[in-house]
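A.B. asks: I am attaching a structure below and will ask some questions about it afterwards.
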There are 2 protein chains.
Amino acid sequence: MQAVALFPEGPDLRVIEKERPEPADGEVLIRTLSVGIDGSDRRIVDGEIGGDVPDGEDHLVVGHEAVGIVEDANGTELTEGTVVTPLVRRPTDAGSHAAQNGELDMAPAGAFHECGIFGAHGYMAEYVTCEPAYLVTVPASHAEYGFFVEPASILEKSLEQAFAARSGFNWRPESAFVLGNGNLGLLGLARLATGEEFERTYCLGRRDRPDPTIDFIERVGGTYVDSRETPLRQVPAAYEPVDYVFETTGYPKHSVGAARALGPNGVATLQGIPGEATFEFEGGAFHSDLVVNNKALLGVVNSRKTHFEAAVDWLSDVSSGLLDDLVTGRYSVDEIDRALDDSPETLKTVICFE
Amino acid sequence: MQAVALFPEGPDLRVIEKERPEPADGEVLIRTLSVGIDGSDRRIVDGEIGGDVPDGEDHLVVGHEAVGIVEDANGTELTEGTVVTPLVRRPTDAGSHAAQNGELDMAPAGAFHECGIFGAHGYMAEYVTCEPAYLVTVPASHAEYGFFVEPASILEKSLEQAFAARSGFNWRPESAFVLGNGNLGLLGLARLATGEEFERTYCLGRRDRPDPTIDFIERVGGTYVDSRETPLRQVPAAYEPVDYVFETTGYPKHSVGAARALGPNGVATLQGIPGEATFEFEGGAFHSDLVVNNKALLGVVNSRKTHFEAAVDWLSDVSSGLLDDLVTGRYSVDEIDRALDDSPETLKTVICFE
C-alpha cells in the first residue's frame, strides 16, 4: 500500500510502498478515506517540530487528521463499514494513570506518542490499524468531512476548559473572539458562531478585501477585525471587551494580548505553539489587569474522546457548503507536495485515498 | 466616637471624633472589636491606591478587615451579642445583577465601592452600621482573630477558582507553592498546609535565618524557598514542578514566573496588584509552555460571602498560638501611626477598640 513517510535525515518526505498492516488482537483494520493537513504537519515536514520515528523504524508515517472505514472489525465491538476517526495520542505505558483514565490530552510529556507527529505512525496511508478505544464514529453522511473532527475537537476541549474555569461563579458570556483566520481559526469561529454559547463573534486577521477568509467570517455571522488597524489592546474600545478569546496564531505576543482583549471575568484559551521569542512587555499592567478583572488565561493542547464526540455532534449539523468553503484542495497521495504547499489562499488541503 | 479617617488632601490620616452612626431600617449597629491592617491600607494611606471619599464627604474612614459585635440588632434576623465580620464591597446600584446575585467580587469596575478602600467608609471606627446580608458570623471563641477572616477569604476564593479551572479533567494535585511570606502569604500557606488538598507546600521569600517567617513556614510543615538562591524557573528542578501557585507579592515578574514554576496541568492564581512595570520577557516560551502543559493562570480579586464562611470554618480550627505568631502588634486607635509602620518584622498589626 502507499503511505507518506518522513525520513528524518534531510528531512525527506516520500511516498513509499509499505506492507498493508495486519490488525493485532483487539485492533481493527481501517481503510483510510482522507487525511487533512494542518500547520503542524508543515512544521513536521520542515523539521521544525516532532518527526521522531517509532522505535526501530527509519521513518514516520505522517498525518493526524484522518477519517476511514472499518474494513475488518477483527472480532471487536465495531462493525465493518462504520466510518471512524482516530484520536492522536497513544500511551507509552498502557498501565499508566494517563492511559487508564482516557485523558491522554492531559498527560505529561513522556507519557504519550502522537500519531503522525512523534513516536508513532500517523494515518497518511491506505490502511491503518487501531484499537476501538481510540476511534470515534462519524455519521456516514459526513464521511467526506471527517478529517475536520480532530481540529474541531480542539475547539471543543478549549470551550470545555474555558467554561470549567468560569464555573466558580455565575458567568454570563456574550461575545467570543478568534485570533487567527487560518483553518483552525475559521473552523473554531464557525463553531463559536452557532449561538449556543455566544451572541456575537469576532475574528482577527490581517488581510485586505476581497478575501475568502473575510467572506467566511461574515458568512457565519462574525465581525472581521483587521489587526493592522485595531491591535488587540484596542479591541475593547473599538468593538467590545470580549468574554472569550480562542487563540490560534501561535504569535507569542498574543499570549498576553489575548488577556488585554478580554472584559471583566473573561477567559482566553491559547492553542498556538510558538518558538522562542523575547520582547518588551508591560508586565505590571498585565498582572494587575488579570487580578482586578478576575481574568483567566489557559493553555490547551490536544483533545480526548469526549471532545471528538462533541466535534462530531457539531459537524453533523454543519452544511457541506460551509465546510467546502474551508477546503481549498483535495489531492491524491502522489500530489503530496502540492497539498503541503502553503500560500495566502491555502486553508485546508486534504489527501484523498479514493 | 473615635474613627481613623483619611483626608485625601495631603493625604492626611487623622483620628477624628464622629457621631455614632444610627442604623437605618434593615441595618444593625456593630461595636467594633478590632481591625487588621494590610499592605493595601498602607498604600491607601500613602495615596498610592484608592482613598476616594464617599459622595458628599471630605474624608474616608479606613480599614476593611474588621470584627465586631452586634450591639443593636434593630429588628433584623441577627441577635445582639453575635460576633460578625463584614464583607468589603457594596453595590453602587442595589438593583444591578452584581448586587442581586451575591457575587460583587466578580462585578465590573463602577458597580461597587470597597469599604475603607474607595467610595465607602471602612470599619476603623468604634461603631459601624451594616445590613446583615454583608455580615458573616464568627464563633465567639475566635472573636479575637476575626480580622483574619477577610484575608483568609481571599485564599478560599482563589482555591475555589483554581479547582474550578481544573474541573474539566481528573486533576490530582499534590503540591502548593505560595509566593511571598508577608501576612497574606503566611496565612494562605497555613490554610494550604492543612493537608486537605495538598500533600506538600512551599513558600517563597528572600530572608536569612533566623527569621520568624521562615520559622512559621516550617511550623506549618512548609518548605522555605529562598528566591535569591532559587528563582521561580528553577523551582521545578530544585524542588518539584508544583500543581498550584498562590501569588501574593505583587511583583510583576511573578505573573509569568508563577506559570514557569508549575508542572503539567498546574494552575496559578495571582492576587497581587503591581503598578506599572515594563521588562524583557521570554514570551515564546511562556506561550508554548502554557499550551503544551495545559497550564492555567487566573487573576483573583476580592471575595464573597461563601468565601468568608469558608474562611470562618477554617479559622475556627486553627490554634490561637499559630494565629498569634502572625500578629506582630495590637494597638489602640491613638497608636495608628505605629500600627501603620512597616518593617521586615511587621506581619499583621491590628487596631483594637477595647
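Keep in mind that glycine also has a Cβ here, set from the backbone N, Cα and C atoms.
From TrEMBL, for reference:
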| type | residues | note |
| --- | --- | --- |
| DOMAIN | B:25-139 | domain 'Alcohol dehydrogenase-like N-terminal' |
| BINDING | B:SER40, B:GLU114, B:GLU150, B:ASN302 | substrate binding site |
| DOMAIN | B:143-352 | domain 'Glucose dehydrogenase C-terminal' |
| BINDING | B:ASN181, B:GLY182, B:ASN183, B:LEU184, B:ARG206, B:ARG207, B:VAL300, B:VAL301, B:ASN302 | NADP(+) binding site |
A.B. asks: So if the criterion is CB under 8 Å to a CB of chain A, which of the binding-site residues B:SER40, B:GLU150, B:ASN183, B:VAL300 qualify?
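C.D. replies: Sorted by position along the sequence, the hits are B:VAL300.
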A.B. asks: I need the CA-to-CA distance for B:VAL300 (NADP(+) binding site) versus B:SER40 (substrate binding site), whole Å please.
C.D. replies: 15
A.B. asks: Within 10 angstroms of the C-beta of B:ARG206 (NADP(+) binding site), what count of other C-beta atoms is obtained when all protein chains are considered?
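C.D. replies: I count 12 other Cβ atoms within 10 Å of it.
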A.B. asks: Would you list the other residues of this chain near substrate - those whose C-beta lies within 8 angstroms of the C-beta centroid of B:SER40, B:GLU114, B:GLU150, B:ASN302 - in sequence order?
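C.D. replies: After dropping the recorded site residues, what remains is B:HIS64, B:VAL88, B:ARG89, B:GLY116, B:ILE117.
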A.B. asks: In whole Å, note down how far the CA of B:ARG206 (NADP(+) binding site) lies from the CA of B:SER40 (substrate binding site).
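C.D. replies: Here the two Cα atoms are 21 Å apart.
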A.B. asks: Once the chains shown are all counted, how many other Cβ atoms turn up within 10 Å of the Cβ of B:GLU114 (substrate binding site)?
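C.D. replies: Cβ-Cβ neighbours of B:GLU114 (substrate binding site) within 10 Å number 21.
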A.B. asks: Helix, strand or coil at B:GLU150 (substrate binding site), per DSSP?
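C.D. replies: In three-state terms, B:GLU150 (substrate binding site) counts as helix.
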A.B. asks: If one measures from the C-alpha of B:ASN181 (NADP(+) binding site) to the C-alpha of B:GLU150 (substrate binding site), what distance in angstrom results, rounded to a whole number?
C.D. replies: 18
A.B. asks: Roughly how many Å lie between the Cα atoms of B:ASN302 (substrate binding site) and B:ARG206 (NADP(+) binding site), rounded to a whole value?
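C.D. replies: Here the two Cα atoms are 27 Å apart.
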A.B. asks: Under DSSP, is B:GLU114 (substrate binding site) helix, strand or coil?
C.D. replies: strand
A.B. asks: Count up the helix, strand and coil residues in the domain 'Alcohol dehydrogenase-like N-terminal' (B:25-139) according to DSSP, in that order.
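C.D. replies: Its residues fall into 17 helix, 42 strand, 56 coil.
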